[in-house]
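> Just dropping this structure here.
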Amino acid sequence: MADVNKVVLAYSGGLDTSVILKWLQDTYNCEVVTFTADLGQGEEVEPARAKAQAMGVKEIYIDDLREEFVRDFVFPMFRANTVYEGEYLLGTSIARPLIAKRLIEIANETGADAISHGATGKGNDQVRFELGAYALKPGVKVIAPWREWDLLSREKLMDYAEKHGIPIERHGKKKSPYSMDANLLHISYEGGVLEDTWTEHEEDMWRWTVSPEKAPDTPQYLELTYRNGDIVALDGVEMTPATVLATLNRIGGEHGIGRLDIVENRYVGMKSRGCYETPGGTIMLRAHRAIESITLDREVAHLKDELMPKYASLIYTGYWWSPERLMLQQMIDASQAHVNGVVRLKLYKGNVIVTGRKSDESLFDANIATFEEDGGAYNQADAAGFIKLNALRMRIAANKGRTLV
């Protein structure tokens, strides 16, 4: 094995990463530093400390990254109205660059020469973690146990844990049949019955949202205040970024908003079915497009829409820390200078309905757009010349016999 003195492990305290911790100690004979991120996944993270201590770990990091996650990663992504392949709001993808960043920061603080993660060799996360790590610390060593060991089933992991005295729950409360990932933006479900693309997902799978059919019969209205493209207040009450998202998750979940069942194209080449709950993100996407509709210039809005799929792909495939993503982010952020105002929404049985938008910087001019008498604000006769000039190239082509029918 490569010479490794100290490694920082992205550690959840679960079976996989607990086995990895012991495996690193035995295989590399190295000191392990554990890092557990609180990204709003809704589970207690402190038990990870006790588990790590019981396994001889002396340097343990448990960091509350919720505000940084939403402020510096989720909000910048939503300024671009980012959606991967038309549906996926990138809840897992956007969390990985922050974890990679913190892994490298801790490696620098502790003098570690390697990092390790529990991502499998089949998924996107291995790419996301490692591209981020190499961008931030080019010489770092990366240990990916799932690409090295022969513990390729849950049963083998549990046998290894029992053999080495790692606390596990082989019996007890029923384990979810799905592979799940959660943070403040979303919760995802993969595997189990979802591996058959024709099988309908089970209703009791969902954790955050009620079924739209069982959502309240009375709609709820909500006002979101924007400043430079980011939400700063809900119903007039100013909130921090993480509080905004947590509140929207709760309200959206109550109204059955944000469920997805999709098949996506993984970066490693395979197709994968996943179900997602993103109630707050679904509301934010709809509201942000609404405030941009009155504050962005037409060509700026269209250019953003053209670039968004590329931006989304960069995030999905792990290139958050790349120069091209940073370049696109500067352009996106510059476009948000005038994206200020308030959007009013109606939430009803899984639907997010825009019912109003207003801004002191609105480019909507009712005097020009009106269907009534406009007092000469717009001369309709000007449209004739506009149309003729735009038709000129097509008329020339037609005169040359280049007819389309």
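Numbering starts at 1 and runs along the chain as displayed.
Just so it is clear, glycine is given a Cβ too, placed from its N, Cα and C backbone atoms.
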> For the L-citrulline site that Swiss-Prot describes with Y88, S93, N124, R128, S179, S188, Y276, which of these is also annotated: E105, E202, E203, E264?
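Looking at E105, E202, E203, E264, the one Swiss-Prot places in the L-citrulline site next to Y88, S93, N124, R128, S179, S188, Y276 is E264.
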> If I go by Swiss-Prot, which of G111, G118, G121, G123 binds ATP at the same site as A10, Y11, S12, G13, G14, L15, D16, T17, S18, A37?
G118
> When the Cα-Cα distance from D16 (ATP binding site) is computed for each of the binding-site residues D125, R128, E264, Y276, which gives the smallest value?
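Smallest Cα separation from D16 (ATP binding site) among D125, R128, E264, Y276: D125.
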> Under a three-state reduction of DSSP output, how is S93 (L-citrulline binding site) classified: helix, strand, or coil?
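SS state of S93 (L-citrulline binding site) = coil.
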> List, in sequence order, the same-chain residues at least six positions removed whose CB sits under 8 Å from that of Y276 (L-citrulline binding site)?
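Sequence-distant Cβ neighbours: Y88, L89, G91, H186, I187, S188, Y189, G258, R259, L260, I262.
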> Measure from the Cβ of T120 (L-aspartate binding site) and count the other Cβ atoms within 10 Å, all protein chains considered.
15
> Using DSSP and collapsing to three states, where does S18 (ATP binding site) fall: helix, strand or coil?
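S18 (ATP binding site) sits in a helix per DSSP.
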> Say you check the Cα of S93 (L-citrulline binding site) against those of the binding-site residues A10, G14, S18, G118, D125; which is nearest?
D125
> Check each residue in the chain of R128 (L-citrulline binding site) that is at least six apart in sequence and keep those whose C-beta is under 8 Å from its C-beta; list them in sequence order.
S93, R96, P97, A100, A119, T317, G318, W320
